[in-house]
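J.: Quick paste from Swiss-Prot:
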{"type": "BINDING", "residues": "GLY108, LEU127, GLY128, ASP129, PHE130, VAL131, LEU132", "note": "S-adenosyl-L-methionine binding site"}
Amino acid sequence: MKIDILTLFPEMFAPLEHSIVGKAKEKGLLDIHYHNFRDYAEKARHVDDEPYGGGQGMLLRAQPIFDTIEQIEAKKPRIILLDPAGKPFTQAYAEELALEEELIFICGHYEGYDERIKTLVTDEISLGDFVLTGGELAAMTMVDATVRLIPQVLGKESSHQDDSFSSGLLEYPQYTRPYDYRGMTVPDVLMSGHHERIRLWRLEESLKKTYLRRPDLLEHYNFSEEERKLLDKIKEALDQGED
C-alpha cells in the first residue's frame with residue numbers, strides 16, 4: 001500500500017515510524033510519504049486566507065492542496081479529507097481502506113477549507129463528534145487502524161479478527177498469568193481446557209459487554225439463533241440483578 005499525507009506539520013507523524021506502521025514499512029508492505037503543502041503555496045508560502053463574505057478565522061486555500069496532489073504519483077488514489085462534518089470513521093471503514101492500493105489524506109488547519117478543495121476528494125471522514133486543532137491526529141489514528149489490517153502486517157492473520165468491532169461486538173475479557181493476582185482470579189472456564197465451553201463463555205461475555213456499553217451496535221447486528229438465545233439469557237439475568 002502507498003499512503004501520502006498532506007500536512008503543515010510532517011514532524012507530528014514521527015511516532016508512526018515506531019508503531020505497526022514502521023513494521024509494515026520494514027516488511028515492504030507500506031510506502032508512506034508526508035507532504036508539507038506550504039512548499040507548494042504560490043502566494044509567499046501562504047496557505048490560508050480570509051473567507052469571502054466575511055466571518056471569523058482563516059480558510060485553507062485551494063491552490064496549495066491542488067498543486068500538492070497533482071505532483072503525487074498515483075493512479076487511482078482514495079483521497080480522504082479529514083473534516084469534523086464528514087462521515088464517522090469506523091472499523092468497517094478501516095477494513096475497506098485496507099483493501100486499497102493508494103490512499104491520500106488531507107490534514108486541515110485553521111477554520112476550514114475552501115469548498116473547491118472538496119472537488120478533489122473521494123471521502124470526507126470525521127474521527128468523531130468533536131473538533132481537533134488540525135487533522136494530523138485524526139490521520140494518524142486512521143492510518144494506524146488501517147495499516148494493521150493489511151495482510152501479513154500483524155504476526156498472525158487472525159490477530160485482528162477478534163478485536164472489538166471486527167465481529168460487530170465488543171471484545172470479551174482476557175487474562176494472562178498469574179492465575180491469582182491480589183485475590184482476583186481468572187474465571188475457571190478459561191482454565192478448563194474445554195474449547196466449546198470457552199467459546200460460549202467468550203461469546204456470552206462479548207454480547208453482555210456490548211449490550212451494557214454499546215447497545216447501539218446491536219441495533220443492526222445480524223444475530224445467529226445461538227446469539228439471540230444468549231442475549232435473552234443475559235437480559236433475564238440482569239433483570240434479576242445477577243452479574
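Placed from the backbone N, Cα and C atoms, the Cβ positions cover glycine too.
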J.: If you count other Cβ atoms within 10 Å of each one's Cβ, which of the binding-site residues LEU127, VAL131, LEU132 has the most?
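T.: Comparing the binding-site residues LEU127, VAL131, LEU132, the most crowded Cβ belongs to LEU127.
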J.: What's the number of neighbouring CB atoms sitting within 10 A of the CB on ASP129 (S-adenosyl-L-methionine binding site)?
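T.: Looking across every protein chain shown, the total is 7.
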J.: If you skip the near sequence neighbours and keep only those at least six away, which residues in the chain come within under 8 angstroms of PHE130 (S-adenosyl-L-methionine binding site), Cβ to Cβ?
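T.: For PHE130 (S-adenosyl-L-methionine binding site), the qualifying residues are PRO84.
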J.: Would you count the other C-beta atoms found within 10 angstroms of the C-beta of GLY128 (S-adenosyl-L-methionine binding site) for me?
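T.: Within a 10 Å radius of the Cβ of GLY128 (S-adenosyl-L-methionine binding site) lie 11 other Cβ atoms.
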J.: What is the Cβ neighbour count of GLY108 (S-adenosyl-L-methionine binding site) at a 10 Å cut-off, with all protein chains included?
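T.: There are 24 of them.
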J.: Where does GLY108 (S-adenosyl-L-methionine binding site) sit in the DSSP three-state scheme?
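T.: DSSP call for GLY108 (S-adenosyl-L-methionine binding site): coil, neither helix nor strand.
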